[in-house]
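Undergrad: Would you mind keeping the following structure in view while I ask a few things?
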Number of protein chains: 2
Amino acid sequence: MNAEHGTPASAEPGTLRPGGRTARVRAAVLDAAGDALAEQGFAHLDLADVARRAEVGRTTVYRRWGTVTGLVADLLTDMAESSLPRSETGSLLGDLTANARLVQRTLADPRQGALFRAVIAAATCEPRTAEALHRFYDVRVREWAPCVRQAVDRGEAPAGTDAHEVIRAVSAPLYYRLLTTAEPLDPAAADRAAAATAAATRAGAYVRPSPAP
Amino acid sequence: MNAEHGTPASAEPGTLRPGGRTARVRAAVLDAAGDALAEQGFAHLDLADVARRAEVGRTTVYRRWGTVTGLVADLLTDMAESSLPRSETGSLLGDLTANARLVQRTLADPRQGALFRAVIAAATCEPRTAEALHRFYDVRVREWAPCVRQAVDRGEAPAGTDAHEVIRAVSAPLYYRLLTTAEPLDPAAADRAAAATAAATRAGAYVRPSPAP
């Protein structure tokens, strides 16, 4: 997905930490799987082709990942682990805008956008991919949720605001635009998603309903 | 999709209007295509199987629709044409809630939800399906946009509000929930989407930026 996935340029034989080769094989295979998904979609994903692209033995790939759904699940785990940490700008609108811009840049990137489209498509018919995708978004939502709780502490949002729903609300219009329109995913769309979510949050639209007495 | 697609029970031979048979064949084939998509997804859609399900000659289906992407494009055209008209409740929140509940009921319905997931997945890799899907949402957005313009006229929303963006904002969290989480698409999710969008609209989050001087 990013620079973390390459073999470090300075790596010398003998200086790698234990497990280094395993980690490098995984990085190469997941990078190759991401490339193949972005180029051809899930339907054409093939373990032998991924092994070829990664310059890794086919047996290694079959033994370690077993199936294409297993490989995609591991790719999503890695994407969640290597995603960027949240920003802290000191205001709810600033934090939500930073989040929206990050999502927008990811989805507007040709490779990453195609990769997300492919994985979302696969999740509609592959339960194991759907579970892995849900976990990915869960990790991302948990990463950003504290910015909403901080906004509550600062008095910018009402007590009882559902932080997870707020973070999902920022992403939703960007994914909806990606999947249902031909319109570009531009920074203006990100800023509007953040501004709308911040306004709705301040107005109490994401306050959890209190349990019935 | 709904009762409009069946052959009228009262239809007697000789009483059908001109074009009746053609319309009935189309209805049967599109219903069968919808069933097949909902059950098996786009990757397994097959014209011969659709003809069998519809009890229509295979040649008719090949001659009229040609390819599975052609068939799905026609299904989306029909879905747009036969979708329900918008509600008019007299308030922005009431209208957006009616819209959100309609989308939520559609996506929560097992057959319709599976059908939309299948078509969205197909659109990620089939440009012709993507175009047909974009047209479908465009028709639905245009159907509901007047409720936002009425809200502006009533003083419930600021002048310059982008009606299409408001309508898309109501649907976005429901589709996002469908595609990226395991959480149920319940009426509470619809009501929250409507309330959040109404609050953001009132706060001016969907006012089009004025052009640079």
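From the backbone N, Cα and C atoms, a Cβ is placed for every residue, glycine too.
TrEMBL labels come from automatic prediction, so no person has curated them.
Marked as region 'Disordered' by TrEMBL: A:1-20. Marked as domain 'HTH tetR-type' by TrEMBL: A:23-83. Sequence annotations record features per position, and here TrEMBL assigns DNA-binding region to A:46-65.
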Undergrad: So what's near the DNA-binding region (A:46-65) in sequence-distant terms, Cβ-Cβ under 8 Å and 6+ beyond its ends?
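TA: Non-local partners: 25-26, 28-29, 31-33, 35-36, 71, 74.
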Undergrad: Average the per-residue pLDDT over the domain 'HTH tetR-type' (A:23-83) and send me the rounded value.
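TA: 95, rounded to a whole number.
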Undergrad: Could you give the number of helix, strand and coil residues in the DNA-binding region (A:46-65) as assigned by DSSP?
TA: 16 helix, 0 strand, 4 coil
